[in-house]
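Undergrad: Attaching a single structure in structure tokens format; questions to follow.
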Amino acid sequence: MLITDPNQPDNPIVFVNAAFSTLTGYAHDEIIGRNCRFLQGPETNRADIAKIRAAIARRVPIEIELLNHKKSGELFWNRLLISPVFDRDGELTYFFASQFDVTLERDKLARMHRDRLALELEVERRTSDLTRSEERLRFILKAGRFGSWTLDLADMRLVASETCKENFGRAADDPFSYEDLIAAIDPEDRPRMQAAVQTSIREHSDYDIEYRARTPRGELRWLQIRGQTFYDAVGQPLSMAGVSIDVTERKRAEEHRTLLADELNHRVKNSMATMQSIAHQTLRNASSVEEAHKTLDARLQSLSAAHDVLTRESWIGATLTVIVEGTLQPFRGGAGQRFLINGPEVWLTPRLTLAFTMALHELATNAVKYGALSNDRGRVILNWDVVDGARPAHLWFRWEEIGGPAVTAPARGGFGTRLIERALAAEMGGSAEIEYRPRGVVFTLDAPLPDRRPAAAEDPTA
């Protein structure tokens, strides 16, 4: 501490204690008689000095911190408290001042300030990173149609995201409680869902289940729910959280693949049975091994052609025009138009496509061997029409050969004849007849038609 005398020129120091000397490094004799400004330097703030001068001029106390110099030149922060001292008459006699070295305190405060700024910057950076991470997560969840949810196990309060609500057929602003969720789940799947929740909580395991849920509009959806349980420090379950995924399309695709596999298995078995029957009947009626080989090969080629037609049409059937054109294509050799084809579009099921293809192949084969296609002048006229007056509608079909050699009826009908007349008539549920007229063979079919074009694929063996 020190005392100055404002009644002397330049307000000199008239008293100083030992602590001041220790603080500044100056001896007692180096201090007495000097103005306090000797501790100041170029680093001392001029505005703060002006404040001190103004307080002295106004004779009022002031507390301020100045950057001063010790005798060694070392800078230190000096907390200065100056107060005027008056006598009984109110006259100013002295100024009393105390000094405290607050350098360490200021340094500590500066470090704390720097640390606070650094911490604020780090918090801001991490908050920004977290915000971006949350935005990316929201985008990923939305892009993948993942709905997020949390369930407070204390009061069973469910919080669902917009996508989660959408998965259950709800609008974003619709209320959606845990009770609403339970009510939406198919009754057959509800016990399994609740058991899975209890298992996850009890065994600290992941919650992963697929179940059916019905939307408020009555649409049935398949949903996959994944999540996990969170516990407190003593292992008590607090909440569950996870995602919901609409897997309806995947389930439908799986069911469709299973159906296709079953259909393929059924078709292969029945195709094998058809081939076995063809082979058995061909070998039984053939007069030689060579004839059997040729006939069997031709009939299997016809069956293969029918399968090609059905494959192009995704095994939902084919039109009669496509069947006729495809089956007769190998028999179009030679000059001129051998087949005159006329008829409306008639849709046949896969099973009828196979039967019609085999019958047409037998008719064409016989025409090549014995009938209109055995010379260069013969023709085959194919006409068909749909008779809508009857219920169900009937198909009238006619194969007529002209320009070939004279025809005589065979002594006995072979497998080909039975395939044409009996098999096709049985498959169509109608009547079929082959007439051996002198000018050429005439085949006529009259049978009820199935639906013109089924909406879905049909089992060809049904």
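Keep in mind that glycine also has a Cβ here, set from the backbone N, Cα and C atoms.
Straight from TrEMBL, here's the annotation block:
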type	residues	note
DOMAIN	1-59	domain 'PAS'
DOMAIN	60-114	domain 'PAC'
DOMAIN	133-204	domain 'PAS'
DOMAIN	207-259	domain 'PAC'
Undergrad: On average, what pLDDT score does this prediction assign to the domain 'PAS' (1-59)?
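TA: Mean pLDDT for the domain 'PAS' (1-59): 93.
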Undergrad: Reported in the order helix, strand, coil, what are the DSSP residue counts of the domain 'PAS' (1-59)?
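TA: Secondary-structure composition of the domain 'PAS' (1-59): 28 helix, 7 strand, 24 coil.
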Undergrad: Residue counts in helix (H, G, I), strand (E, B) and coil for the domain 'PAC' (207-259), per DSSP?
TA: 12 helix, 30 strand, 11 coil
